[in-house]
Amino acid sequence: MWSPEREAEAPAGGDPAGLLPPEWEEDEERMSFLFSAFKRSREVNSTDWDSKMGFWAPLVLSHSRRQGVVRLRLRDLQEAFQRKGSVPLGLATVLQDLLRRGELQRESDFMASVDSSWISWGVGVFLLKPLKWTLSNMLGDNKVPAEEVLVALELLKEKAEEVYRLYQNSPLSSHPVVALSELSTLCAGSCPDERTFYLVLLQLQKEKRVTVLEQNGEKIVKFARGPHAKVSPVNDVDVGVYQLMQSEQLLSRKVESLSQEAERCKEEARRACRAGKKQLALRSLKAKQRTEKRIEALHAKLDTVQGILDRIYASQTDQMVFNAYQAGVGALKLSMKDVTVEKAESLVDQIQELCDTQDEVSQTLAGGVTNGLDFDSEELEKELDILLQDTTKEPLDLPDNPHETFYTNSVPKPRISDTELEAELEKLSLSEGGLVSSSKSPKRQLEPTL
């Protein structure tokens, strides 16, 4: 849990060594100039002023982005940018300039810009500003106190987008309403502290992507259904679904607890049986049966709750499909606005007329190319039949001994009988080395066959 004492002790992000411009270590004269204070006014020497501001302003924001923080304090930045025991004397002026340009904003001013009546979290989340800050503002002193918290607005927007994507990719997105505590646990890796998490929620509320409501002492967050949609106020349906989801979780935890108790009773009965304590074993078994009956009753309730939730999710899906159909019909009407049956028939007639004209042109050109040569197709077919008949009567010019020059597709008869093969196999099996000598091998050699 955050506390002002712990935050005062925590560093702002550590030593930024290795992530600084090259001149930080290489150019002593340049760094001496950059660590000096600004002149009272830019008009005194605009070149020096712009050079220093151009160095420190981007460095402050990039350092915060690397550290993953959106809240800045002058004291933390002075500690982070120490060099050889010296601190930059012009950082306060840099922060004032960033405030003037709207890149930074005081945390209290940012809170006031959002309708955050739900932000009464207590526990000292947002403390009242010290009296000296209030007096400084009343007297018109624009100096930035070393402990005042400033918010980097662009970094806060980036962090809010990161949290929104994190929620969309989590199981919590099955329903737009989620408990604030569950969301806080989900975002623990993205938001380094509790105050950053609340600032992110305020930014999301400012963008109309979430709304927060307190229900029975517990704060719940409702997200917009789409990345570009605006969140709607929390209604009775949202609260009812949220309560059903909480009931489902409660029943599931209770069933798990009773299942462990039933298993424990079973083990007690087994131990009592081994020890010969029959009555004790019977009592344990009765307790196990009572627990199992309670589990069955809870299972029935859990099935009912889950069935209702399934119907709600299905109805939401049906509504999304219906909306998609409705949008599709609207788009189809717009696309068919100037299309009629008469126009379509006229277009088809024009296409047919153009095709007929093209055919006539092709025939005319083809007739001109033949130069009067007209062939009778029937005579050509008769001549082709005669050629085919003559071809079938001619003998095939085959080799005299075909199997001497090439193998045919037929399988030749084996030249060795089965009896001879069996005798040869028997000789092989009786030989010691698995092979027979050439003198015992049959004189007749096997010829390869296909």
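The backbone N, Cα and C atoms fix where each Cβ goes, glycine too.
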Which range of 1-22, 45-66, 155-176, 243-264 is region 'Disordered', per TrEMBL: 1-22
DSSP helix/strand/coil residue counts for the domain 'CHMP7 winged helix' (156-224): 37 helix, 15 strand, 17 coil
Non-local residues, at least 6 beyond the ends, that sit with Cβ under 8 Å of the coiled coil (248-275): 281-282, 284-285, 287-288, 291-292, 294-295, 298-299, 301-302, 305-306, 309
For the coiled coil (248-275), mean pLDDT (0 to 100): 89
